[in-house]
Structure formats: C-alpha cells, structure tokens
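Undergrad: The following feature annotations were taken from TrEMBL:
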- 12-32: transmembrane segment (TRANSMEM)
- 44-64: transmembrane segment (TRANSMEM)
- 76-102: transmembrane segment (TRANSMEM)
- 137-167: transmembrane segment (TRANSMEM)
- 217-237: transmembrane segment (TRANSMEM)
- 257-281: transmembrane segment (TRANSMEM)
- 293-315: transmembrane segment (TRANSMEM)
- 364-385: transmembrane segment (TRANSMEM)
Amino acid sequence: MISSILIGTFANLPLGMAPGMGLNAYFTYTIVGYHGSGKVPYETALAAVFIEGVIFFVLSLFGVRQWLARIIPMSIKVAMGCGIGLYLCFIGLQSSAGIGLVRLDYSTLVTLGGCPTADLDANGSCLSGHMTSPTMYMGLLGLMLMALLIMFRVRGAILIGIIAIAITSWPRNSPITYFPYTEEGDQMFNYFKKVVTVHNLKNVMGRFNFDLTSKDIWIALITFLYVDILDTTGTMYSMARYGGFTDKAGDFEHSTWAFLADACCVSIGSCFGTSSCTAFVESGAGIAEGGRTGLTALCVAFGFFISIFFSPIFASFPPWSTGPALILVGSMMTSSVRNINWDYPGDAIPAFITMAVMPFTYSIAYGVIGGIFAYIILNGTVYLIDKGSRGRIHPDYSQRENWWTAVLSRSFMPIWMQFIVAKVRGREFDWRADEYEFEDDDVSKHHQATEENDESPTVILGAENDSTLGIETISIDRSEKH
C-alpha cells in the first residue's frame with residue numbers, strides 16, 4: 001500500500017507495488033528455509049533486504065539504474081514486454097494461480113490438464129479425467145466473457161469478469177465451488193464468513209538483526225541485488241512501453257522518481273517483514289483498462305488498504321477467476337512482438353531468447369540476462385571481425401540492425417544533477433519534467449552514418465578474384481527493401 005502510494009505520487013506511473021514472487025520463494029525456501037531450517041535467520045535476511053534497498057537508493061540517486069535501462073539494446077527491451085506477456089499467460093494457464101488448463105507431466109514437464117482435484121496425485125499431476133474439471137471450464141468462460149467485453153470496449157471488462165466468476169464460485173452446493181465439503185474447504189469457508197479481520201504485525205514488524213558476519217548472507221544480498229535490479233528494470237520499462245510512456249532514448253517518463261521510489265519500497269517492505277518489493281507485472285491489467293497516471297497506483301493502494309480489513313473476501317477469489325485476466329493481459333503485451341527487428345539475426349535471436357527464457361525459467365531476470373549475453377556474443381563477435389579485417393568482412397546489416405540508444409550524443413544525468421547544471425547556467429528547471437531530452441538530430445546522425453556505411457563494399461568468403469585473402473569485393477544495391 002505504502003509503496004503504491006509512493007510510485008503513484010512521485011513517479012506518476014500506473015504501477016502496483018508488492019513483494020516479488022520469485023524473490024519471495026528464494027527468500028523463504030533458500031535463504032531462511034522451511035520453518036527456519038536455512039543457513040540465515042529470518043531477522044538477518046530481513047536486514048539484508050533493508051540494506052539492498054539502501055544500495056538501490058544510492059544507485060538510483062546517481063543514475064546507474066537509469067543508465068542500465070538505457071544501454072539495454074532496443075530489441076531486448078521490446079522482447080522483455082513480450083516475454084512478460086508469455087510469462088503472465090503461463091501463470092494464468094496453471095492451476096495454482098490460473099484456470100488449470102496446464103498441469104505437471106513427469107515426461108514433458110507440462111501437459112494438457114483440466115482434471116478434477118480427485119484425479120490428481122500428490123504432486124498435482126493428472127492421473128485421469130483430463131479436460132473434465134468444471135472449474136477449468138468456468139475459467140474459460142471467464143476468459144471468453146472478458147474478451148467479449150473488451151471487443152465491445154466495455155470499461156472495467158477484466159474486473160467485471162473476475163467478480164462475476166468469483167461470485168459464481170462461492171455457493172457451496174455447486175460443482176464449481178471454491179469451498180468444497182472437505183476439511184480444507186471448511187477452513188476456507190469459515191475464514192470467508194469472517195468478512196472483516198485484522199492481522200497482528202508484532203511478530204514480523206521491524207525484526208532486524210544486522211549480524212552480517214556469515215558469508216551466506218552476503219551471497220543472499222548479492223543475489224537479491226542482481227536479480228531485483230534486472231527484474232525491476234525489465235518490468236518497469238515493459239509496463240512503461242506498454243502504456244506508451246517511453247521515449248526514443250530508451251528511457252521512460254519520470255524514471256528517476258520511479259527508481260528512487262522503488263528503492264525506498266524495498267527497505268519499507270523489509271520493515272513489515274517481507275522480501276524485496278517491486279513493480280508487479282499484473283500492473284498491465286490496469287494499463288489495459290486505460291490507466292495512464294499515478295491515480296491508478298493510488299487506486300491500487302486503496303485496494304490494498306481495504307484488503308487489510310476485508311482480507312477474507314479478497315482471499316476467496318478463486319484462481320480460475322483471476323487466471324483469465326492474466327491470459328488476456330499476456331496476449332495484449334505480446335502484441336508488441338511485431339516491433340522486434342526480425343530482419344537482422346543479431347537483434348532477432350537475442351530477442352527470441354529473452355522471450356523464451358522468461359516463462360520457461362519462471363524468471364524475468366533470467367530472460368534479460370540470457371538476451372543480453374546472446375546480444376553481446378553475437379554482435380561483439382561481428383564487431384571484432386569487422387575491426388580485425390579493417391571493415392572488409394562484415395555481414396550485410398547496415399540497414400537492418402537497430403540503432404543503440406546508449407550511443408546518443410547527449411549525456412544522461414539524474415534529476416538532481418540536471419537541477420545543479422540548470423542553476424549553474426542560470427536556467428529554470430522543472431522537477432517534474434525529468435524525461436531524457438535527446439538531440440533531435442540523433443536519429444538523423446544514425447541514418448546518415450548508415451548511408452555512409454552503405455557506400456563501403458561488402459565481402460563474401462570463398463571467391464576466386466582475390467588469391468591472397470580468398471575473398472571477393474562486390475557492391476550491393478542497398479536501395480532494395482530487405
């Protein structure tokens with residue numbers, strides 16, 4: 001709640017903030033361990049998260065995180081949004097947070113599911129009864145309902161679908177009930193009937209132990225840092241691009257305030273006993289419904305505030321009511337795949353790796369890492385061969401590759417440095433206008449350099465005209481469309 005207020009008030013972005021689920025699992029099962037069986041005590045792990053937030057704040061203050069968002073190649077930036085879309089869709093298809101169409105398979109990892117709970121084994125794999133689960137069909141019905149409402153441009157289409165399916169699933173004398181007549185169902189229904197409840201935070205709030213002598217805590221801190229910085233950067237940029245807030249410099253509106261607010265949220269979250277707080281990919285649902293300003297984030301914060309008291313109601317929304325929303329938002333975000341530069345393999349292959357790795361590893365950060373490494377290896381090798389041959393051996397990519405926003409002519413400074421420079425030069429400065437203002441001729445300079453490179457010859461290996469190098473120099477008319 002506090003984090004969403006910060007991001008909405010200071011960054012004016014329609015983003016919901018909450019503890020990241022990937023880092024949640026790492027924090028719980030790897031660092032602290034089941035029932036405290038890990039190598040790091042719970043209080044010390046919270047201290048590591050708090051320190052991570054402080055480090056993030058310093059990095060954001062000096063513009064390091066903004067630089068990271070800028071130097072990531074454009075093809076990978078676009079692919080991050082597409083990969084997050086596939087990631088959301090994969091979550092929405094599963095049973096834990098979706099409609100249950102996809103289930104565990106011991107041979108192929110995943111397979112077609114849709115079987116009732118009675119036909120599952122201990123690990124959640126279908127023994128029989130594929131495509132016979134009533135709740136799965138309710139999820140598909142919710143998906144079709146949301147899609148039709150969106151086609152007719154009905155405001156709140158996703159929310160209407162979620163509420164309709166949830167209310168339908170609450171009666172107990174129904175095959176699609178969320179509260180079956182079992183011991184677990186009775187417990188959930190008794191909690192649902194409370195309607196209003198407030199949890200005590202005294203056991204988790206402010207429980208810090210800054211004993212950092214163990215090497216395991218430093219390993220955890222470093223892991224938190226690199227995973228969270230890539231995860232948050234990728235998510236924020238993808239949401240900003242989805243909402244149309246990005247500029248040609250590879251930056252997004254109010255990025256300085258956004259990263260500073262995010263850093264504060266990490267430390268604030270640790271004070272309440274949670275792992276790293278970050279922007280949620282589910283923010284795309286609000287953007288899809290028309291959210292464009294921080295008012296959306298404030299509405300999310302209000303929803304979090306209400307859920308503090310009405311958590312029995314919100315906790316009783318079945319996964320097959322919310323899963324269709326994830327699938328729909330995933331399809332919307334994946335539509336930007338057409339903006340990837342498929343004409344040049346040096347852009348297309350890293351972009352594809354980024355998209356594929358995210359859902360298959362269940363991690364946004366791993367997808368970004370895979371795409372960046374592939375981009376560096378492919379294009380770095382081409383660069384070295386080009387320089388080593390003095391420009392005689394290079395692929396025909398001069399009109400095909402995306403131009404890199406990291407090579408823009410003007411420097412990039414955080415907002416407080418811009419303020420100092422403006423005051424020194426005697427100029428007025430607007431603290432809210434912190435977008436990157438790039439030279440209008442940056443694009444023209446790139447195209448001009450491209451045209452000059454077009455005049456240089458391209459070479460093909462294995463020709464007979466040059467007996468020394470084994471290459472033939474030829475000229476290619478690049479006026480044709482590739």
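All residue numbers here begin at 1 and follow the chain in the order shown.
Each Cβ is built from the backbone N, Cα and C atoms, and glycine gets one as well.
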Undergrad: At a Cβ cut-off of 8 Å, and with pairs 6 or more apart in sequence only, do we get at least 3 pairs between the transmembrane segment (293-315) and the transmembrane segment (76-102), yes or no?
TA: no
Undergrad: If we skip the immediate neighbours and take only residues 6+ beyond the ends of the transmembrane segment (44-64), which ones have a Cβ under 8 Å from one of its Cβ atoms?
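TA: Those are 27, 31-32, 207-212, 214, 217, 220-221, 224-225, 228-229, 256, 259-260, 262-271, 273-276, 412-414, 416-417, in sequence order.
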Undergrad: Give the nonlocal contacts of the transmembrane segment (137-167) in its own chain as ranges (CB under 8 Å, at least six residues past its ends).
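TA: Cβ under 8 Å, 6 or more out: 98-101, 176, 178, 285, 288-290, 316-318, 320-325, 327-329.
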